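Chemist: Here's the feature list from Swiss-Prot:
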type: ACT_SITE; residues: H48; note: active site, proton acceptor
type: ACT_SITE; residues: E75; note: active site, proton acceptor
type: ACT_SITE; residues: H196; note: active site, proton donor
type: BINDING; residues: N12, R23, G197, G218, H219; note: 3-amino-2-oxopropyl phosphate binding site
type: BINDING; residues: D14, H15, R50, H55, T105; note: 1-deoxy-D-xylulose 5-phosphate binding site
type: SITE; residues: E156; note: site 'Transition state stabilizer'
Amino acid sequence: MTQSTRILLGVNIDHVATLRQARGTRYPDPVKAALDAEEAGADGITVHLREDRRHIQERDVLLLKDVLQTRMNFEMGVTEEMLAFAERIRPAHICLVPETRQELTTEGGLDVAGQEARIKAAVERLAKIGCEVSLFIDADERQIAASKRVGAPAVELHTGRYADAQTPTEVAEELQRVADGVAFGLAQGLIVNAGHGLHYHNVEAVAAIKGINELNIGHALVAHALFVGFKAAVAEMKALIVAAAR
């Protein structure tokens with residue numbers, strides 16, 4: 001895993017699968033969405049195989065691994081079931097995330113500092129089969145430093161607090177928190193990605209932070225695609241972040 005010379009867009013297609021699973025149909029197909037996203041300029045495709053299988057299914061992951069032209073960023077919880085599945089399919093990139101059954105979406109970052117031994121064992125286990133691991137964490141120096149200690153080459157900073165901020169003061173504070181996290185992560189020698197809650201009206205400020213390698217965005221893209229089409233939604237987002245990062 002190397003730092004990109006330009007900002008990258010990772011497209012999360014989980015909510016294409018959410019729409020499919022709502023009726024238990026074969027459509028819309030998240031694999032087709034992934035291929036359309038690649039054609040529109042996505043640099044990678046992110047999928048989260050949750051314990052409850054509420055959206056992405058194992059079959060989706062297997063198909064994506066075979067057909068993607070870019071790369072798959074496989075999000076998973078730190079469980080024996082998911083570690084065994086990862087060992088079976090050997091994705092090139094894995095992001096370890098926290099997961100609880102009741103949450104609507106991932107609500108916070110992984111507590112690496114509070115469970116270093118467990119996370120370190122998972123990172124080492126995945127590294128042995130050639131997987132490059134990132135950790136989805138809050139933009140907190142304690143968590144970033146712990147991520148470095150457990151051997152992860154990359155982190156993804158949770159931007160949810162920034163996305164949920166209500167007042168201009170709160171927005172500025174949370175944006176600065178992310179920027180400080182990026183700077184600290186880079187100083188630790190980590191590759192720093194970011195994502196969660198980003199959309200067309202708040203992404204530019206994050207994309208403009210120097211040193212961010214990749215932004216992972218999903219829900220906003222799928223929502224916008226209902227009105228403009230998936231390729232157009234991805235192309236618009238890619239143009240926004242590239243322009244902001246210049």
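A Cβ is built for glycine as well, from the same backbone N, Cα and C atoms used for every other residue.
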Chemist: When you rank H48, H55, E156, H196 by Cα distance to G218 (3-amino-2-oxopropyl phosphate binding site), which of the recorded positions ends up on top as the closest?
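Modeler: Closest by Cα: H196.
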Chemist: Can you tell me which recorded positions out of H48, R50, E156 are within 10 A of N12 (3-amino-2-oxopropyl phosphate binding site) by Cα, answering none if there aren't any?
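Modeler: Within 10 Å Cα-Cα: H48.
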Chemist: What does DSSP say about R23 (3-amino-2-oxopropyl phosphate binding site): helix, strand or coil?
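Modeler: For R23 (3-amino-2-oxopropyl phosphate binding site) - judged by DSSP and reduced to three states - the answer is helix.
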Chemist: Taking only the Cα atoms, work out how far G197 (3-amino-2-oxopropyl phosphate binding site) lies from E156 (site 'Transition state stabilizer'), in Å, as a whole number.
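Modeler: So the Cα of E156 (site 'Transition state stabilizer') lies 13 Å away from that of G197 (3-amino-2-oxopropyl phosphate binding site).
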Chemist: Using DSSP with the three-state reduction, classify R50 (1-deoxy-D-xylulose 5-phosphate binding site) as helix, strand or coil.
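Modeler: R50 (1-deoxy-D-xylulose 5-phosphate binding site) sits in coil per DSSP, no helix or strand.
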Chemist: Other Cβ atoms within 10 Å is the metric here; tell me which of the binding-site residues H15, H219 scores highest.
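Modeler: Compared across H15, H219, the most Cβ atoms within 10 Å surround H15.
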Chemist: Reported as an integer number of Å, what is the Cα distance between R23 (3-amino-2-oxopropyl phosphate binding site) and H15 (1-deoxy-D-xylulose 5-phosphate binding site)?
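Modeler: Distance (Cα to Cα, whole Å): 13 Å.
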Chemist: Which ones, of the recorded positions H48, E156, H196, have a Cα no more than 10 Å from the Cα of H55 (1-deoxy-D-xylulose 5-phosphate binding site)?
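Modeler: Close recorded positions: H48.
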Chemist: Out of D14, E75, E156, which has the highest number of nearby Cβ atoms, where nearby means within 10 Å of its Cβ, if these are the recorded positions?
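Modeler: The largest 10 Å Cβ neighbour count belongs to E156.
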Chemist: Give me the count of other Cβ atoms within 10 A of the Cβ belonging to G218 (3-amino-2-oxopropyl phosphate binding site).
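Modeler: Taking every protein chain into account, the count is 23.
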